[in-house]
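Q: My structure is below; once you've seen it, I'll send some questions.
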Amino acid sequence: MAVLEFILERTEISLNAKDIEFGRTPLAWAAMHGRIEALQYHIVRAEVDLDPRDDESGRTPLSWAAGNGHITIVQTLLALEARNGFLDVVKELLSRANIKADLESILSRTALSYAAEAGHQAVVQVLLKLENGINLNTKDSSFGRTPLSLAAANGHTVVVRALLERDGIDLNTRSKYGATPLSWAARYDPAPVVKLSLTHGADLSIKDDRGRTPLAWAEAKGHTLMTELLRSWPCLPTRRDDDGEDDSSFDTPSAVLLLLR
């Protein structure tokens, strides 16, 4: 910090200047690497842009901090809680009130999207507590995945639960190729996420663009325990995929009791 202050106090370098390689500001670098002191130095200065987008990725300091799990940085940027002794910084941010949690990157990724994908539970909780609310169902432009889809695919049960408990969450939202959060989970085999989704009313009958239901994906991937859980769930419809095979075409050993523990 002493070196940073020495340089900035003796030069005319703009605090919003971007590097040549990535088009990233000093604030973005500090947020990306969890450098709270450097972030504090920049954020209390009125001339600093709090939501600069990287020229290369379009990501903001908030999305970098959320994606890398820097909870203190996220808390500071969002001005929600005066934790860890950063009360003055929080007060400064509250007075400026220009942090945008829903600002999207070039790939339509929000801070919540990055945090949910990485399973950063504390960061997700902070974002969900925003007084002005946050869009829970924003889809990325590459695969049309929402934060719930990303958390489900990566098996982040606590994050999935936090999202499912929010009003306005779209439990059966479909991604670019028609997959629901349940379908993503069934494909990658996080059984606790599947069970949680089912108990919240996820629709087992929805087919993706390949004609596959969540059960069909579990069977195709050879997820034996997952398959048994899905087949044993009440009111499971038998549906044929586009190859003409129905969801009961695979025999698996009984393991549903293990999964339901």
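Glycine residues also receive a Cβ, built from the backbone N, Cα and C atoms like all the rest.
So TrEMBL lists the following for this protein:
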REPEAT    22-55  repeat 'ANK'
REPEAT    57-89  repeat 'ANK'
REPEAT    143-176  repeat 'ANK'
REPEAT    177-209  repeat 'ANK'
Q: Note the mean pLDDT of the repeat 'ANK' (57-89), expressed as a whole number.
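A: It averages 68.
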Q: Quick one: DSSP breakdown of the repeat 'ANK' (177-209) into helix, strand and coil?
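A: The breakdown for the repeat 'ANK' (177-209) reads 17 helix, 0 strand, 16 coil.
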